[in-house]
Amino acid sequence: MAVGIFDSGLGGLTVLDAVTRRLPDVPFVYFGDNAHAPYGVRDADDVYQLTCKAVSRLWDEGCDLVILACNTASAAALRRMQESWLPSDKRVLGVFVPLIEALTERQWGDNSPPREVEVKHVALFATPATVASRAFQRELAFRAIGVDVEAQACGGVVDAIEDGDMILAEALVRSHVDALKRKMPDPEAAILGCTHYPLMDKEFQDALGAHVKVFSQANLVAESLADYLERHPNMLGSGTEAKFLTTGDPRKVSDRATQFLRRRIEFEAA
Ligand code: DGL
């Protein structure tokens with residue numbers, strides 16, 4: 001009854017951590033495509049090809065349902081996968097919608113017309129590919145009107161986190177928040193639109209100020225997955241064993257993952 005969790009690298013561990021706490025009986029199989037991270041500087045076709053390959057590998061592990069715990073893949077590849085690639089007995093879900101539902105104060109599956117919401121000025125921090133796709137703004141426009149979104153492409157942050165260079169990551173976060181504030185001086189809310197960024201959530205909150213409400217995905221995705229599995233228990237695949245797969249160097253990736261999750265994580269070669 002396993003479920004797959006995919007990311008380009010280590011960022012999806014923030015989602016893995018939350019889903020494991022919310023659904024302790026479900027074995028999760030994590031796939032980090034560390035050899036090809038970051039995805040955020042790749043073109044959409046490249047992201048699509050890499051994501052399909054990783055998801056197929058998770059099917060081999062008995063995961064009929066895979067969560068793309070990667071905004072870049074959710075933005076650049078998910079729709080194409082669902083429209084032209086996915087077999088009818090498999091499902092792939094992204095991480096955008098639960099976040100937008102929280103921001104727009106909606107319940108799951110509320111498809112009523114877009115309406116005014118409380119927040120009017122929203123800062124979006126994401127990878128260059130996610131920002132270029134405008135997928136976040138598109139999904140938001142289905143649900144809310146009158147929200148001004150200023151997006152900041154946070155070049156370099158994912159690379160620094162993958163390299164374990166948290167000092168550089170922090171400096172980059174500060175400079176990206178400064179750049180955002182030059183375009184939007186007083187955001188009311190900020191979206192961490194990359195699953196790597198919750199690893200730097202204190203730095204984002206510090207740089208933005210305590211009055212800015214920072215939304216990140218892990219817990220929202222966990223709630224929404226629990227709800228989905230309750231309604232679709234047949235999507236729990238045949239896999240029985242939780243494991244961590246990487247296309248990168250398993251030893252290096254295990255060490256970084258252990259540092260981030262503060263418990264021993266052992267990756268194996270994908
Ligand atoms: N964690 C991925 C995301 O949510 C990072 C993408 C990348 O590899 O650049 O977008």
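For all residues, glycine too, the Cβ spot is worked out from N, Cα and C.
Here HIS196 (substrate binding site) comes close to GLY9, LEU10, GLY11, THR14, VAL157, VAL158, ILE161, GLU162: these same-chain residues lie at least six apart in sequence, with C-beta atoms under 8 angstroms from its C-beta. Per TrEMBL, the feature substrate binding site maps to ASP7, SER8, TYR39, GLY40, ASN71, THR72, THR195, HIS196.
Among the features that TrEMBL reports, active site, proton donor/acceptor is placed at CYS70 (among others). Within 10 Å of the Cβ of CYS70 (active site, proton donor/acceptor) there are 34 other Cβ atoms, across all protein chains.
According to TrEMBL, the feature active site, proton donor/acceptor maps to CYS194 (among others). When secondary structure is read from DSSP and collapsed to three states, CYS194 (active site, proton donor/acceptor) falls in the coil class.
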Maximum Cα-Cα separation (Å), residues ASP7, SER8, TYR39, GLY40, ASN71, THR72, THR195, HIS196 listed as binding substrate: 12
Neighbours of ASP7, SER8, TYR39, GLY40, ASN71, THR72, THR195, HIS196 excl. site residues, C-beta within 8 Å of centre, substrate: GLY9, GLY11, GLY12, ALA37, PRO38, CYS70, ALA73, THR127, THR130, VAL158, CYS194
Per-residue Cβ crowding (10 Å cut-off), top of binding-site residues SER8, GLY40: SER8
Rounded Cα-Cα span from CYS70 (active site, proton donor/acceptor) to THR195 (substrate binding site), Å: 6
Inter-residue C-alpha distance, ASN71 (substrate binding site) and CYS194 (active site, proton donor/acceptor) (nearest angstrom): 5
